[in-house]
Amino acid sequence: MAPSRRDLQLTPLSGDSAAEIGAMEEVRLLDSYDDNDNDDSLSKIEEGSGHSGLRKIQVGVTGMTCAACSNSVEGALMSVNGVFKASVALLQNRADVLFDPNLVKEEDIKEAIEDAGFEAEILAEPVTSGTKTQATLVGQFTIGGMTCAACVNSVEGILRDLPGVKRAVVALATSLGEVEYDPNVISKDDIVTAIEDAGFEGSLVQSNQQDKLLLRVEGVLNELDAQVLEGILTRLNGVRQFRLDRITGELELVFDPEVVSSRSLVDGIEGEGYGKFKLRVMSPYERLTSKDTGEASNMFRRFISSLSLSIPLFFIQVICPHIALFDTVLVWRCGPFMVGDWLKWALVSVIQFVIGKRFYVAAWRALRNGSTNMDVLVALGTSASYFYSVGALLYGAVTGFWSPTYFDASAMLITFVLLGKYLESLAKGKTSDAMKKLVQLTPATAILIEGKGEREIDALLIHPGDSLKVLPGGKIPADGVVVWGSSYVNESMVTGESVPVSKEVDSPVIGGTINMHGVLHIKATKVGSDAVLSQIISLVETAQMSKAPIQKFADYVASIFVPVVITLALFTLVGWSIGGAVGAYPDEWLPQNGTHFVFSLMFSISVVVIACPCALGLATPTAVMVATGVGATNGVLIKGGDALEKAHKVKYVIFDKTGTLTQGKATVTTAKVFSEMDRGEFLTLVASAEASSEHPLAKAIVEYARHFHFFDESAEDGDTSNKVSQNAGWLLDTSDFSALPGKGIQCLVNNKLILVGNRKLMSENSITIPDHVEKFVEELEESAKTGVIVAYSGQLVGVMGVADPLKREAAVVVEGLLRMGVRPIMVTGDNWRTARAVAKEVGIEDVRAEVMPAGKAEVIRSLQKDGSTVAMVGDGINDSPALAAADVGMAIGAGTDVAIEAADYVLMRNNLEDVITAIDLSRKTLTRIRLNYVFAMAYNVVSIPIAAGVFFPVLRVQLPPWAAGACMALSSVSVVCSSLLLRRYKKPRLTTILEITKE
């Protein structure tokens, strides 16, 4: 029974206020993963947009054990009219659903998942400090009871049929479901109820509702304390609603962020209680961690219970007959049966129907949903053994002919299966170790600076703009900017960069990183789900939820596996029975007092229980889960199984030049005037025009001109201390500024047109370039510099040479790619001479220059025509079309948000070596997945004939059902352990990259 709760409604929630409680899901830096194989109509969907007719939700599903369960959930969802796409993650017990809310109501989706027979729980995002209104909420739910992929498919279908549900994704491995829903139509309690009505256990983990707070309260010891706390909450301004669970000490608050902040709310409660109550904000991941350990503990208790009853059974069956005293007691007749038979029947009945109840429940869910899974096989095999034994006893009591019983087979089978499930839950828990380490990076508390004092607060109560103190050795509690002090910060846990980074005033810092030496005062800029660490966690979660295309093979096999196995078992039963009837084998092969039917039945039961669809279902998701976690710890963020799989067969890698192959730190090396204009006047004119541009070359020109200006000033008056004031007054006023991609910029200075750019810009504006100027520009380009031509008032006035140094690892990475069998190509908007000079320096032979941003995507499509897989590495806004067009887009982590949004991989370190790491990790992951499939398939191909007795005439070895069950249980454990070997992955070092050979 769920703990009773007392609800107190402080203010009525009208439609408007309810809408305020919801909030539009924020589009975040690392939140844009979507499968690339969607059709055009689906690819145009903008999440949270009112213009798109489709909605996407994520739901957790409990009860899935194999790919058949996930297929069942997917099938149930796809059968709903209006559902366009359904993707189920077996390992995470979650599913993604894309549907049309005009055709499908949330109630319909909910009913579909319930009819499939699985449990669901809403997945939500952490509470943030924002006040943005949400049209939909994303909730994260735990779903207990899922055993295989069929369970996942079932729960997903139910959730998607619920009215108001926009998206539902369920993951088996984590027993979680993520649901996006409209709070004006359906509540989280309705979703939990739907999960429970489907026969699963459900509860809310977290929500991205931005005016809700979940607190752990200490100090509520009795009814009077609870009443005092409720009185305090009633008096506090801004509190709309609260719910106190007195058993767990959890307090859920709904408040108005426009009236009171989360920190003020906590301070107010503690202050009004005069220190009696101590409140702590609950991290949404606390429940997930406790749930993981709880699942393993629950399975361990079941195993121990079954083992404690199986051991006496084993003694009664094997040991006691050889001990005269015990044998005398066991053979003593009590009613129609002997004492030994009564004891075995009683012990096995408890194991079969109490401890083994979960197998019957899960099998019924699967069959009710029209699918089959591992639980069906276990229930069928154990039931056959149990009911045959009961029948043999009753037959003996009636006729006096006592056939051997096989109660021990049923008991030992359940025991070994539970042992396998326990080991599997432990192993699956280790696949998410990388995610848990990321979650643990965030400190529990922070030191808040208030006026001249400071105090310790919960890190989850930090607001943007807060001043925080970070002590040496302490973790930085939030993303922010250093406002006082200097130190070195270890950012390896987030970026993968092992060398500590120097931090001074105005340096950005990342939450979760470690301050090494000095004391820092920082100003928080991003907290909650906006923080970099939270976005990394979100991206890794999304990646682990996605399905790799190779998983389709396992899904297909799982859909036919159980029916095929049951058919083989029937053939085994009939074949051995007929063979015995016609005398095909001697009666000496039969067990004592046994019949041909009993002999055949044991072979048939062994076939049923030794077959394992779980190993196939776990082969891909476990490897993907480990690989994405390993990638994150190495500074390579992978946005899904699809991207992970595609990267292993990359044939071409296209590099942008500026900021990708080069450092993106352009410097002006030459400035030559070709007119009567003074040099200082020329630089001031160009800098004034470029000051409004965000291009790296523009920033380099402005910086060069500023230094020239200050140098002249200091030469005259010897003062360089007031650069800020000087910087404000030396630029000229501009108007009508326009950036022309691939050409340059233009604007008006003193009401005269100034053009700064390349030859194309000059040609389009009928600016003539004299021969001597052209020769000067060519010389710059041949030395790998970019020539920037300047025209003012219709006349060419000067040229500037800009150099952008290559990244030190660029040449080695290019050579490493060539050794891996990958062909590097450079595509740039720069001129041909500069492009060729840079390409020659790094070792790239294929160069495409003077390419507009849209043209980069055309280059990629031309390479894809023959079926080749193309990767694009870029960093800027102008690279985003190409990143989206490429099969695998890789964004340099220091690049723009738009580029990162469009990419499949994010290289956090801004180091080209990680391109090699991404491809190498993909190859090793796919190799591991194939090995998992080979093992899973080979296991079934070899074990089923052995269990069926194919080799019995030669070897005289019969595999008893309990041994077959042990083999089945350990097969899935072996596959998970195989995937865990990926945790030992070490990315190639600079010194070993050249040793990589083509696979």
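Numbers run from 1 along the shown chain.
In case you wondered, yes, glycine gets a Cβ from its N, Cα and C as well.
Heads up, TrEMBL stuff is auto-annotated, nobody curated it.
Positions annotated as domain 'HMA' by TrEMBL: 55-121, 137-203, 211-277. According to TrEMBL, the transmembrane segment annotation covers 303-325, 345-364, 376-398, 404-423, 553-578, 598-619, 933-955, 961-982.
Contact check: the transmembrane segment (598-619) against the transmembrane segment (345-364) gives fewer than three Cβ pairs closer than 8 Å, residues 6 or more apart, which falls short of the contact criterion.
Contact between the transmembrane segment (376-398) and the transmembrane segment (553-578) is supported: at least 3 Cβ pairs lie under 8 Å, counting only residues 6 or more apart in sequence.
At the 8 Å Cβ cutoff, the transmembrane segment (404-423) and the transmembrane segment (303-325) share at least 3 close pairs (sequence separation 6 or more) and count as touching.
Per-residue pLDDT, averaged over the domain 'HMA' (211-277), rounds to 79. Long-range contacts of the transmembrane segment (303-325) within the same chain: residues 340, 343-344, 347-348, 350-351, 355-356, 407-408, 411-412, 414-415, 418-419, 421-422, each at least 6 residues beyond the stretch ends and with a Cβ under 8 Å from a Cβ of the stretch. Beyond its flanks by at least six residues, the transmembrane segment (933-955) meets 553-554, 565, 568, 572, 576, 585, 589, 603, 606-607, 610-612, 615-616, 619, 964, 967, 971, 974-975, 978 of its own chain at Cβ-Cβ distances under 8 Å. For the domain 'HMA' (137-203), residue counts in helix, strand and coil come to 22 helix, 25 strand, 20 coil, using DSSP. Counting residues of the domain 'HMA' (211-277) by DSSP class, helix then strand then coil, yields 24 helix, 20 strand, 23 coil.
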